[in-house]
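*Asks:* Annotation source Swiss-Prot lists disulfide bond at CYS5-CYS19, CYS9-CYS21, CYS14-CYS26.
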Amino acid sequence: GKPICGETCAKGKCYTPKCTCNWPICYKN
């Protein structure tokens, strides 16, 4: 699978650079 950014995106947005939301977890692009 994709590398996990260690961030959740419960609010629908990832703040870690180059990460995207695949609710509820942020993944690196």
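Heads up, the Cβ atoms here are built off N, Cα and C, so glycines get one too.
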*Asks:* So if I draw a 10 Å sphere around the Cβ of CYS14 (disulfide bond), how many other Cβ atoms end up inside it?
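*Replies:* If we count other Cβ atoms within 10 Å of CYS14 (disulfide bond), we arrive at 20.
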*Asks:* On a count of neighbouring CB atoms within 10 A, which of the disulfide-bonded residues CYS19, CYS21 is highest?
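*Replies:* The most densely surrounded of these disulfide-bonded residues is CYS19.
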*Asks:* Taking DSSP as the reference, which of helix, strand or coil describes CYS14 (disulfide bond)?
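*Replies:* It is coil.
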*Asks:* Sequence gap of 6 or more, Cβ distance under 8 Å: name the residues on the same chain that satisfy this around CYS26 (disulfide bond), in order along the sequence.
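*Replies:* Listed in sequence order: ILE4, CYS5, GLY6, GLU7, THR8, CYS9, CYS14, THR16, CYS19, THR20.
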*Asks:* Helix, strand or coil: which one is CYS21 (disulfide bond) in, per DSSP?
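*Replies:* Looking at the DSSP assignment, CYS21 (disulfide bond) belongs to a strand.
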*Asks:* For CYS5 (disulfide bond), just count the other CB atoms lying within 10 A of its CB, please.
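*Replies:* Its Cβ shell of radius 10 Å holds 20 other Cβ atoms.
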*Asks:* Going by DSSP, give the three-state secondary structure for CYS5 (disulfide bond).
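*Replies:* Once the DSSP labels are grouped into three classes, CYS5 (disulfide bond) ends up as strand.
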